[in-house]
Amino acid sequence: MNTVDYLRISLIDRCNFRCQYCMPEGAEIDYILKQDLLTDNELLSLLKEVFIPVGFTRFRLTGGEPLLRPNVIGLIEAIASFPETKDLSMTTNGFLLSKMAKDLYKAGLRRINISLDTLDSDTFNLIIGNKNRSHWQLVWNGIQAAYEVGFDPLKINVVIIPGVNDHEVLDLAALTINRNWHIRFIEFMPIGNDKLFDNKGWISSEELRQIIRKKWGLTESFVPGNGPADIFQIPGAKGTLGFISQMSECFCDRCNRMRLSADGWLRPCLLNEIGQIDLKSSLRNGISVEELRQQVEYLLGLKPEINFKQRESGTTGIYSRTMSQIGG
């Protein structure tokens, strides 16, 4: 089992998109009330006094859409300023990125992942649940802005959904040929979207690799990061292709992370809901940070068993939260 030193932090559960695989249409989303979110001070206190002392040094800010969080720049500055912080990154839908890229970089953010599942504006609107003016160009502009500012590596997350965007695999992969971008194909997961998943199913990473390999060939490669992606490269390309295969290829033995939701629940495994700790309520009820630290240490010890023994029940069970509420 890997050393667990990577914490994914959901700053907010709200998002200005409603992507099919994250916040499915028709699903009732009970948004967290403002007073139930971890405050800036609570989050920073947990990081400084609980997570860093037990070995967490790498942090990723997620959502919902993290750029909707008030004072997100200030939070980034504070987390980046911790001497123990080795890596600070973010996953965003890119909608606000063209306006904020420079400030994010200046605050100390150095790596960024941007979600873009299609190069077609109509398909984009379908995926994000948008019935008004297309936002595709704004996201594309955000990607360009992040690249120009200097985020490196710049990664683009792609979820392939059968019958929706699976015809674009080669076009998306081709973005890496002349650009130092890193496209990551993520297998579609049944978390909070059972109806869509049952209707559409999913495409394995190996199937995607075969499509790309037939066109250009593929060689193994490497790109810095904390994730479980298997990295490949089109021969001669500037960028790389990553494949995250949580459905088809168990990588529990490589898991190095936990997830902290916007309302303070610490989740040891994405694939099931066993072992979660409500850190926010404990903190507000006067439980000392020393005791919380002990609880997190204990959960770290249980994580291998949770990962492996509960994997099957997790991928077939009922989830009480959508991906947006978990933090991805």
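Glycine residues also receive a Cβ, built from the backbone N, Cα and C atoms like all the rest.
As recorded in Swiss-Prot:
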type: BINDING; residues: R8, R60, T91, K155, R257, M258, R259; note: GTP binding site
type: BINDING; residues: C15, C19, C22; note: [4Fe-4S] cluster 1 binding site
type: BINDING; residues: Y21, G64, S115, M189; note: S-adenosyl-L-methionine binding site
type: BINDING; residues: C252, C255, C269; note: [4Fe-4S] cluster 2 binding site
type: DOMAIN; residues: 1-229; note: domain 'Radical SAM core'
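Across the structure, Y21 (S-adenosyl-L-methionine binding site) and M258 (GTP binding site) place their CA atoms 21 angstrom apart. Among the binding-site residues C15, C19, C22, C252, C269, the residue whose Cα lies closest in space to that of G64 (S-adenosyl-L-methionine binding site) is C15. Distances between the Cα of C15 ([4Fe-4S] cluster 1 binding site) and those of the binding-site residues S115, M189, C255, R257, R259 are shortest for S115.
Checking each of the binding-site residues C19, C22, S115, C252 against M258 (GTP binding site) by C-alpha distance, the shortest gap belongs to C252. For S115 (S-adenosyl-L-methionine binding site), the count of additional Cβ atoms within 10 Å of its Cβ stands at 24 [all protein chains shown].
Taking CA atoms as the reference points, C22 ([4Fe-4S] cluster 1 binding site) and S115 (S-adenosyl-L-methionine binding site) are 12 Å apart. Separation of the C-alpha atoms of M189 (S-adenosyl-L-methionine binding site) and C269 ([4Fe-4S] cluster 2 binding site): 14 Å, rounded to the nearest whole number.
Spacing of R257 (GTP binding site) relative to S115 (S-adenosyl-L-methionine binding site) is 20 Å (Cα to Cα, whole number).
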